[in-house]
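See below for the structure under consideration.
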Amino acid sequence: MKASARNQLFGKVTDIRTGAVTVEVTIGLKGGDTLVSSITIESAQSLGIKNGDEVLALIKAPFITVVKDFGGYRLSARNQLKGTVKRIEKGAVNSEVVIELAGGDSVAGIITNESVESMGLREGDTASAVFKAGSVILGVKA
Amino acid sequence: MKASARNQLFGKVTDIRTGAVTVEVTIGLKGGDTLVSSITIESAQSLGIKNGDEVLALIKAPFITVVKDFGGYRLSARNQLKGTVKRIEKGAVNSEVVIELAGGDSVAGIITNESVESMGLREGDTASAVFKAGSVILGVKA
Amino acid sequence: MKASARNQLFGKVTDIRTGAVTVEVTIGLKGGDTLVSSITIESAQSLGIKNGDEVLALIKAPFITVVKDFGGYRLSARNQLKGTVKRIEKGAVNSEVVIELAGGDSVAGIITNESVESMGLREGDTASAVFKAGSVILGVKA
């Protein structure tokens with residue numbers, strides 16, 4: 001697949017919960033981390049998603065919030081993947097931050113240079129990639 | 001209207017489906033393409049949206065994923081508008097990609113330069129602008 | 001808390017509406033403005049959010065649409081915070097626009113330079129920061 005989403009993670013569906021409008025799909029990533037995607041019932045039916053399916057999770061980098069220190073706060077976002085900052089690439093205004101998760105998968109986020117500085121974020125830091133379940137687009141093999 | 005959303009598409013409401021929490025509004029664009037927007041029931045009622053209404057769909061460019069080749073995958077995103085890459089403008093980190101749809105409307109997405117290169121994306125390519133229904137803000141004349 | 005979300009607004013929960021799938025949390029900001037966040041029922045329960053709680057609202061800057069002139073349109077987005085443009089910082093492709101709300105809180109949005117120019121946006125202008133309730137991540141003290 002050739003798509004522009006910076007994050008394209010492969011995994012296996014481990015749980016499907018159907019609500020009134022949306023379906024919450026839990027995906028076990030290769031590396032052992034878990035990701036949650038929220039899609040509409042119509043999409044879930046049209047894709048025919050079921051437990052055990054191999055799926056692709058697409059998440060654009062601007063959807064990722066990087067958290068270095070929760071400071072005693074708990075967040076509403078369903079996805080809070082912990083890892084180690086592997087790379088910080090600075091542009092004119094924004095930086096791309098790549099977080100390597102425990103299992104080997106990586107998540108890239110685009111945040112402002114100001115945020116990098118105000119958090120004092122450096123390569124090697126422990127940090128979390130935080131994003132809402134609704135930010136994830138699911139792909140299945142036809 | 002003077003708004004910063006890079007994509008401001010005019011169309012006519014062709015279908016309204018009311019769920020438990022959200023309303024899915026289908027919009028026929030001038031050029032013949034179709035777009036789906038998901039808004040809350042409260043918003044739909046407050047705007048008084050009904051079939052045949054002329055509406056404005058606002059979509060920020062960072063919400064757009066550009067897909068050059070689906071590689072046999074089907075995606076959960078409700079909007080997958082196919083067209084031709086008309087323009088690629090490179091910045092320091094990101095590029096703006098403008099896709100012209102069959103009917104003449106254009107959709108602009110902001111993606112990383114890395115994505116442009118890894119997809120081998122060029123002007124003239126066939127590509128799709130992919131975005132979730134929840135990324136669309138609707139506007140109606142008061 | 002050290003997080004990359006450009007907007008981190010403190011407030012107090014003034015209303016909670018539970019739907020079939022999502023919970024809409026209304027937050028009174030320090031300065032008197034009001035913000036709405038939509039989170040899943042599961043997140044609301046897990047966070048234990050209740051009226052009067054002090055919460056933190058995180059909104060990434062790319063989620064913000066800046067509207068200078070509604071031109072007679074009403075928008076579906078639940079959050080439309082009015083204020084004064086305090087600062088516009090230009091990068092190569094994007095600008096960061098900081099809007100100061102009546103009560104003193106500020107909201108920063110990232111929009112393209114092209115949008116800044118086509119709107120004729122300047123410091124001192126009245127403008128609104130528009131974003132969907134689903135773009136807000138809530139944080140509560142553990």
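Keep in mind that glycine also has a Cβ here, set from the backbone N, Cα and C atoms.
Remember, it's a predicted structure, so these values are computed and weren't measured experimentally.
Over in TrEMBL, the protein carries these features:
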type: DOMAIN; residues: B:4-65; note: domain 'Transport-associated OB type 1'
type: DOMAIN; residues: B:76-138; note: domain 'Transport-associated OB type 1'
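Summarised by DSSP class, the composition of the domain 'Transport-associated OB type 1' (B:76-138) is 10 helix, 35 strand, 18 coil. Counting residues of the domain 'Transport-associated OB type 1' (B:4-65) by DSSP class, helix then strand then coil, yields 10 helix, 34 strand, 18 coil. Per-residue pLDDT, averaged over the domain 'Transport-associated OB type 1' (B:76-138), rounds to 95.
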